[in-house]
Amino acid sequence: MIWLDTLVQGILLGGLYALFAAGLSLVFGIMRLVNLAHGDMIVFAAFAILLITQTLGLHPFLAALIAAPVMFALGWALQRFVLNRVLGKDILPPLLVTFGLSVALQNGLLQGFSADSQRLAAGPLESASVDLGLVTVGWMPLLTFATAIAVIVGLNQIFYRTALGRAFRATSDDPVTASLMGIAPKGVFALATGLAMVVVTIAALYLGMRSNFDPSIGPARLIYAFEAVIIGGLGSLWGTLAGGVIIGVAQTFGAAINPEWQILAGHLAFLVVLLLRPRGLFPRAVD
Amino acid sequence: MRVTTSTRTGRIAGLSALALVALALALPAFASRAVIQDLFTILTLLTLAQLWNLLAGYGGLVSVGQQAFVGLGAYAMFAGVILMGLDPILAIPLGGLAALALSIPTAFFAFRLQGAYFAIGTWVVAEVTRLLIAQWKTLGGGTGTSLPREATSDILGVEPIRVLFGLREAAARDVLAYWLALALAVLTIAAIYALLRNRLGLALAAVRDNTEAAKSVGIDTTRIKWAVFLIAAFVTGLTGALIYVQTARISPDAAFSVTNWTAYVIFIVVIGGIGRLEGPILGVIVFYALQQALADYGAWYLLTLGLIAVVVMLFAPRGLWGLLSDRTGLHLFPVRRRLERIDLEGGK
């Protein structure tokens, strides 16, 4: 029974990793940009939510509602004024710019908020749990997983049901032809990064309510997100959820054997998948 | 006609470089211990930067996981000293070999990831290596360990230096480490320069400029990437071992630090000028000056460094040396092939 419990906890933890990964996957899928500052942006958003809860005395959920449009604007501006300038055939400039941003963000947060661990106080929700017969699960992990599914359904709806989604897909397939059809790829990219930052805010909300965070934890979140994306296969959001679940399950089982092995087990699961299925479990995109 | 890469500036630069190396060799006779220690750091960072430049600037392999090779090289040296009773200096080659051994599976995994994802792939391997090393209880596990006193008190070559300069033992150890760092930096730069001027270098430049075109003229691009990655890993491992001979204290978090061994190095190359041998040299000078100027400002230092790197990538993608070189046409290490007319004897 303890193993079933571990399995369920792992699956639910995978929801959090899928939330980390969805924004990364979105940006890569549309403009082939690997954002090395993605993890630090999640931590940045968590601090933004923290700041709002502290100054306005709001619950984290309400604070995230305020933070989301701000993050959208920041993401839009970042893409419009910085990243669009370096996108091109050469993969080096965008990688190095986002790496510079990652280090700058980390140290900016360190300067502003110190290295102390922080947490978003969610009230009674933090410890509430529900008995599902065989296992008991916390409301918070359950809510995280449900949110991950909602985010993926929402993003898929945008992609396949709206004009904006059509523009996203067209630009992703062929920016030159898309621009002949009256789409401005750079504007589409800016909107995509803005949207990714909204997803980042949602990921930050659950990161902050479920565990402690400090300015240094961004890179580890980037790595989990990246592993989930690669395991799932590029271009498939449901695959990304599966990837998150695989890492989550590997981590909880690793931790059940020896607490020191939690993180290691997740990485090893990733390497095994990379060994057996180099293009991931559900590959869609050709590149 | 014949093909040459030699230029007058290049020959003058070469001679000046020789003079500079001679001066650097003699430096311990009159420089203070603090200067020697600072130069040790600069030289090891320069070596790491040249290697990363070879990977990213010439090989197109943006690795964010070079700390794996620094850390493993350092730990292999520690293992040689603590478990096998080797002299720390003799244990340095173990660092290179261990890094080389790790680079083979790393390349196997990371080369499966296309384009930009290669960067994070190398980072994952570095994390895995760090976590595995932290499980190695004999070498201190997660908290780390120090080189035993009996190993550091009697290092090969320290005694003659002590007598020669009339120094105390700890200072003599710093001089030895400094000379080794100097040798490693000079040999690395010379080797990369020689590499760029021979056939492999030409192939590298072709792959960098246009992979498809390079393939079409028969260049085995995969083999070249493997070669560059393995060479860089080996020398990075040697450098890591040398750094930790001088530090004499190790922990997984420090030895596998992405900030110290990869972020600094990337910033040095980007600010100085990527894809040029001169770039990392100029970059390490700028880096050191900034470090001295901002030493008292804590996190502001890295914040500034990160933003400078972003600004450089946006407005001068080939770095400060690129700006300088474009204005003046200066190439200290010419690698460009030119045709040169030869006057044959009695040719009239």
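Using the three backbone atoms N, Cα and C, a Cβ is placed for every residue, glycine included.
Counting only same-chain residues 6+ beyond the ends of the transmembrane segment (A:6-26), those with a CB under 8 A from a CB of the stretch are 34-35, 38-39, 41-42, 135, 137, 141-142, 144-149, 151-152, 155, 192, 195-197, 199-200, 202-203, 206-207, 210, 221-222, 224-229, 232, 234-235, 237, 240-241, 243-253, 256. TrEMBL lists A:6-26 (among others) with the feature transmembrane segment.
As annotated by TrEMBL, transmembrane segment applies to A:33-52 (among others).
Below 8 angstroms of C-beta separation, residues 45, 48-50, 52, 120-123, 189-198, 200-202, 204-205, 208-209 of the same chain, each at least six residues beyond the ends of the transmembrane segment (A:58-79), sit close to that stretch. According to TrEMBL, the transmembrane segment annotation covers A:58-79 (among others).
The annotation transmembrane segment is assigned in TrEMBL to A:91-110 (among others).
Among the features that TrEMBL reports, transmembrane segment is placed at A:139-159 (among others). Proximity of distant same-chain residues to the transmembrane segment (A:139-159), defined by a Cβ-Cβ separation under 8 Å and at least 6 residues beyond the stretch ends, is recorded for 9, 11-16, 18-19, 22, 26, 122, 125-126, 128-130, 165, 168-169, 195, 199, 202, 206, 209-210, 237-238, 240-241, 244.
If one looks beyond the transmembrane segment (A:188-208) by at least 6 residues along the same chain, the residues whose Cβ comes under 8 Å of a Cβ in the stretch are 16, 19-20, 22-24, 26-27, 30-31, 38, 41-46, 48-50, 60-61, 64, 67-68, 71-80, 83-84, 87, 118-120, 140, 143-144, 147, 151, 155, 158, 164, 167-168, 171, 178, 221. Among the features that TrEMBL reports, transmembrane segment is placed at A:188-208 (among others).
Positions annotated as transmembrane segment by TrEMBL: A:228-249 (among others).
A Cβ distance under 8 Å defines the sequence-distant neighbours of the transmembrane segment (A:261-278), meaning residues of its chain 6+ beyond its ends; these are 220, 223-224, 227, 230-231, 246-255. The transmembrane segment annotation in TrEMBL covers A:261-278 (among others).
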| Cβ-Cβ under 8 Å with the transmembrane segment (A:91-110): same-chain residues at least 6 beyond its ends | 33-41, 43-44, 47, 82-83, 215-216, 218-219, 222
| query | Under an 8 Å Cβ to Cβ limit, what residues of the same chain, 6 or more beyond the ends of the transmembrane segment (A:33-52), are close to it? | reply | 20, 23-24, 27, 58, 60, 63-64, 66-67, 70-71, 83, 87, 91, 94-95, 98-99, 101-102, 105-106, 109, 112-113, 118, 120, 197, 200-201, 203-205, 207-208, 213-215, 217-223, 225
